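Per TrEMBL, the features are:
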type     : residues : note
ACT_SITE : 339      : active site, proton donor
DOMAIN   : 38-275   : domain 'Orn/DAP/Arg decarboxylase 2 N-terminal'
MOD_RES  : 61       : N6-(pyridoxal phosphate)lysine
Ligand SMILES: Cc1ncc(COP(=O)(O)O)c(C=O)c1O
């Protein structure tokens with residue numbers, strides 16, 4: 001038993017922001033996500049202040065809602081795009097190809113061609129086959145090679161192994177890029193999403209520095225850009241440093257490695273820009289105990305792993321939860337509404353929800369603006385995709 005039964009709202013939202021979201025949510029049928037675009041606006045400004053030397057490429061996959069894309073378009077952001085579908089969505093809003101990077105290393109030749117035809121000239125790669133496709137389908141374009149980084153253990157949503165290549169391969173690819181008539185433009189990395197260990201950027205930048213120096217000395221290739229990816233934190237239950245601390249430390253790492261003459265620097269924030277702007281509102285469907293003497297309850301709610309909360313896989317992302325009830329708490333298992341036993345959000349990490357929480361009460365899942373709507377299944381068990389509103 002514990003008294004700490006709710007997330008502390010003040011840790012996550014300004015009071016007026018949460019009240020605005022809640023007032024909008026009251027009376028609407030759950031489940032749904034409410035996103036406060038004013039928060040994204042503010043967080044974008046903070047990011048630009050923290051990284052004044054960097055170009056921002058918003059990772060559209062975090063939340064491709066037109067309201068967010070329009071806001072960021074008007075604020076001068078560029079866009080990191082993963083597919084032709086994202087490309088079309090962004091371009092439909094009038095964004096031109098020179099503000100777009102095709103950041104997915106796994107792509108079909110015909111999709112590369114589509115990007116090229118739409119004016120995109122900046123491509124990520126990490127393999128020879130993909131590089132050769134780029135040379136054929138997007139001749140003369142700028143390419144950057146993504147390297148593998150460490151940081152798996154300290155990122156809550158790691159992106160290791162599948163993406164990137166080792167330093168030796170990265171150098172081979174950049175040389176090949178030149179030989180194929182492309183512009184060997186730079187190096188990228190992603191230290192893992194929700195990366196808590198700032199040293200992960202230091203380690204990655206050290207590798208980048210080696211590539212820059214060796215290519216220049218041994219092959220006469222002068223790289224011009226470092227893409228530091230995403231990985232900057234949102235505010236969830238597991239604590240992280242403030243974004244400002246990341247910014248300060250990363251600036252120091254860059255200075256140590258590259259001095260004052262920095263190459264062009266790109267960052268690709270997703271989660272850190274969007275997550276804390278959203279609140280997912282659900283309702284308690286059922287509360288049960290599995291035996292007369294069971295020490296914890298099961299709380300079933302109308303949102304689950306298949307309707308937006310897939311990042312609770314392995315309980316990786318621990319979303320703060322707030323309810324209007326308070327008082328004594330008791331540890332709970334929290335599960336979704338579908339007939340799939342994988343649809344359990346938290347079982348090992350027991351949230352101490354209020355004992356007086358009842359069927360029909362609302363649960364407010366904080367910091368859920370990123371990677372929720374797009375992950376929602378379209379019809380699993382007949383449930384519709386997660387609804388979303390943008391204030
Ligand atoms: C290439 C690339 N850039 C940026 C991001 C955004 O990362 P984050 O949400 O951690 O900021 C991702 C996320 O998967 C990515 O794949």
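Yeah, the Cβs are placed from backbone N, Cα and C, and that goes for glycine too.
Please treat TrEMBL annotations as automatic predictions, because they have not gone through curation.
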As a whole number of Å, the Cα atom of the residue listed as 'N6-(pyridoxal phosphate)lysine' is distant from the Cα atom of residue 339 (active site, proton donor) by 28
May I ask you to report the DSSP-based helix, strand or coil state of the residue listed as 'N6-(pyridoxal phosphate)lysine'?
-> helix
